[in-house]
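Before any comments, here is the structure.
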Amino acid sequence: MCACTPLQEQKETEQPEGDDTQQLYKHQPRRFYRLHNSCARSSLPSTLYPSSRERNLGTMQSGYHQHLISLLFVFSSLQVHQLTEGCSCALSHPQDAFCNSDIVIRAKVVGKKLLSDGPFGTMRYTVKQMKMYKGFDKIQHVQHIYTDASESLCGVKFDINKYQYLITGRVYEGKVYTGLCNFNEGWERLSLAQKKGFNHRYQLGCNCRIKPCHYLPCFVTSKNECLWTDMLSHFGYPGYQSRHYACIQQKEGYCSWYRGMTTRDKTAINATDP
């Protein structure tokens, strides 16, 4: 327990008289000032000066609250990211898109209407079909294309009365559905080899398997595989093989890349080229 005397009283009772004595005790008031402060603090209620255990508990609670707020922020960010960028599609060669689709057509989009189906609705596009490349056994003539109205659910958007599109999709209950994970591209943006591929070449390779190569080393493991290396290129996707090559089954039974870009170059090449 600390016994304290007011500072003013200490100056009057403790300070000696005389010049020499005053010189000796000239720093004494400062020492009494520190003692006075420490004693005054000890005499205050404990609620104003919490103990070390209470201070540690408060620090832990503050850290817990900060951690909880951080977790809530991350969770909310993930939710927003999931809503805005919920559509994720694997890269696909145009030949795979052709072979895995029920319908492949070239058409011009002439109208659209939002239908109240599902949580975000369904967009129905009215199309003018120019040519059908696949799907004669599914539907004779396509008049409407259906897709999700929200891009986060892989809904695709087409321009109205502007371009002709190469559209691929699935048939369900007599309706054609497509999305961002299907191959949908402006017809004029396709290479000559891709146009010929959708016309007839791609269907010759539907028994072949195009094997993506994302990092080296990668190899073909069967005779019906073609090694797809566009992802290794600095130019990314779509790459040279996507735009200019088709994986075609040869007479010997194996599959290899076929480059049909020009009339003078109609030779089959091995599975590792280019």
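Glycine too: its Cβ is placed from the backbone N, Cα and C atoms.
TrEMBL entries are annotated by machine, without manual review.
Noted from TrEMBL: Cys154 is disulfide-bonded to Cys87, selected from Cys87, Cys89, Cys218. The record in TrEMBL lists a disulphide bond between Cys89 and one of Cys2, Cys181, Cys206, Cys208, namely Cys181. Within 10 Å of Cys208 (disulfide bond), counting CA to CA, the disulfide-bonded residues Cys181, Cys226, Cys247 contribute Cys226, Cys247.
The closest partner of Cys255 (disulfide bond) among the disulfide-bonded residues, by CA position, is Cys218; the full candidate set was Cys154, Cys181, Cys218. Using a 10 Å radius centred on the Cβ of Cys255 (disulfide bond) and all shown protein chains, the other Cβ atoms total 24. Neighbour count (other Cβ atoms within 10 Å of the Cβ, all protein chains): 10 for Cys89 (disulfide bond).
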